[in-house]
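Here's what TrEMBL has on this protein:
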type: DOMAIN; residues: 24-284; note: domain 'NADH:quinone oxidoreductase/Mrp antiporter transmembrane'
type: TRANSMEM; residues: 58-77; note: transmembrane segment
type: TRANSMEM; residues: 83-104; note: transmembrane segment
type: TRANSMEM; residues: 151-169; note: transmembrane segment
type: TRANSMEM; residues: 176-194; note: transmembrane segment
type: TRANSMEM; residues: 200-224; note: transmembrane segment
type: TRANSMEM; residues: 236-256; note: transmembrane segment
type: TRANSMEM; residues: 262-288; note: transmembrane segment
type: TRANSMEM; residues: 318-337; note: transmembrane segment
Amino acid sequence: MLTLPIINLFSLPLILGTMITMSSSSWLMAWMGLEMNLMGFIPLISTHSNKRASEASLKYFLIQTIASSTFLFSFLLSSSFSIIQFTMMTPWMIPFMVILTLSVKLGAAPFHMWLPTVAEGLSWTNCLILMSWQKMAPLSIISMIFPKNPLIIIIATLSAISGSMGGLNQTSLRKILAFSSISHMAWMLSSMLISKMLWLFYIFIYSIIISSIILCFAPFNMLHINQVSTNQNKKLNSLITINLLSLGGLPPFLGFLPKWLIMFYLLQMNMFLMVSILIISTLINLYYYTRISYSSLLLINSNNKWMKTKTPPLTKQLPLSMISLFGLITSMLTFTLL
C-alpha cells in the first residue's frame with residue numbers, strides 16, 4: 001500500500017496531465033497530457049495491494065495504452081500537429097478514428113465493457129476519480145474537434161441504451177454507478193451538440209452528486225445493495241435516497257437542471273428521437289437507483305438491541321447534508337426564476 005506522500009506525488013501528474021490536455025492547441029501536447037494523466041492514475045489504483053486492484057490496474061493500463069497508441073497514429077496520419085488545422089483540412093475518416101479512440105478512453109458504448117469490471121476492483125476514492133476527473137481530458141478533445149459529428153450522436157445513443165440496460169441486473173454498487181456513468185456519458189456527448197460550455201456544466205453537477213453518493217458509501221464500506229438495505233441509520237439512508245434521485249434527474253433535485261437544459265435545446269433542434277431515448281434511459285436508471293434505497297427507507301428492518309447502529313461522525317454528516325440541501329434549494333430557486 002502506498003503511503004500518503006507518495007499518493008500526493010502521483011496526484012500531481014494526474015491533475016497536470018488533464019490541465020495540459022484541456023489547454024493545448026497541439027495534438028502532441030494533448031497526447032502527452034493524456035499519458036501523464038495515465039501514469040499518475042495507475043499507481044493510485046494500486047494503493048490497495050489485492051488481486052482485484054492489481055487486475056483492475058492491468059486492465060486499465062492495457063486499454064488506455066492501446067487507445068493512446070491509436071490516438072497517436074491518427075493524428076500522425078493527418079500530417080498536422082495543430083488541432084485547428086486538423087479540424088479544417090483532414091478527411092472525414094481520421095476524425096472518426098480519433099472520436100472512436102477517445103470513446104474507448106471514456107468507456108462510452110460500444111467500448112464500455114471494461115469500465116464496470118475495472119470499477120469493481122477499485123476503492124471508492126479511485127472510482128470517483130475514474131467516473132469524474134478522468135473524463136475531462138477526452139471530452140475536452142472531442143468538444144474541440146467536430147462537436148456536431150454524426151458519430152457522436154450514434155455513440156451517445158448507444159451509451160444511453162447500454163448504460164441503462166446494463167445496470168438492471170447488477171447487485172454491486174460500484175458496477176451500478178459505472179453503468180450509470182456510461183448512461184450519463186450519453187447526456188454529456190449530447191450536450192456537445194448544443195454548446196461547448198454545457199458539457200462542462202453537466203459534468204460539474206454530475207461530479208458534485210456522485211461525490212456525495214460515494215461519501216455516503218465509503219465510510220461504511222458499502223459494496224452491495226444488501227448492505228444498504230440492512231443499514232439502520234435512517235439519516236444516512238435519507239441522504240443516499242436524495243442524492244440517488246438527484247443523480248437520476250428527478251425534479252426538483254439538482255440533477256434535473258442540466259438534463260432539462262439539454263432536452264430543451266435538443267427539442268429546439270428537432271432531435272425528438274434522441275430526446276426520447278435519453279428520457280427512457282433515465283427512467284430505467286431511476287428504477288435501479290430506487291431499488292438501492294427502497295428497502296432501506298420504506299421497509300421495516302428488524303432492529304436487534306445488541307447491535308449498535310453505525311453513525312457517521314459529525315464532520316462527515318454536515319458536508320453530506322449541506323451538499324444535498326444546497327442542491328435541492330439551488331434547483332428549486334432556479335426553476336422558480338425560470
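Note: Cβ is positioned from N, Cα and C throughout, glycine not excepted.
Distant neighbours of the transmembrane segment (176-194): 106-109, 112, 115-116, 119-120, 127, 131, 135, 139, 142-143, 147-148, 152-153, 155-157, 159-160, 162-164, 166-167, 170, 201-203, 206, 210, 213-214, 225, 247, 258-259, 262, 265-266, 269, 271, 274, 278, 281-282, 285, 288-289, 292; these residues of the same chain sit at least 6 beyond its ends, with a Cβ under 8 Å from one of its Cβ atoms. In summary, the transmembrane segment (200-224) does not lie against the transmembrane segment (151-169): fewer than three C-beta pairs, each 6 or more positions apart in sequence, are under 8 Å. Counting same-chain residues at least six beyond the ends of the transmembrane segment (58-77), those with a Cβ under 8 angstroms from any Cβ of the stretch are 27-28, 31, 34-35, 38, 41-42, 45, 86, 94, 97-98, 101-102, 104-105, 114, 117-118, 121.
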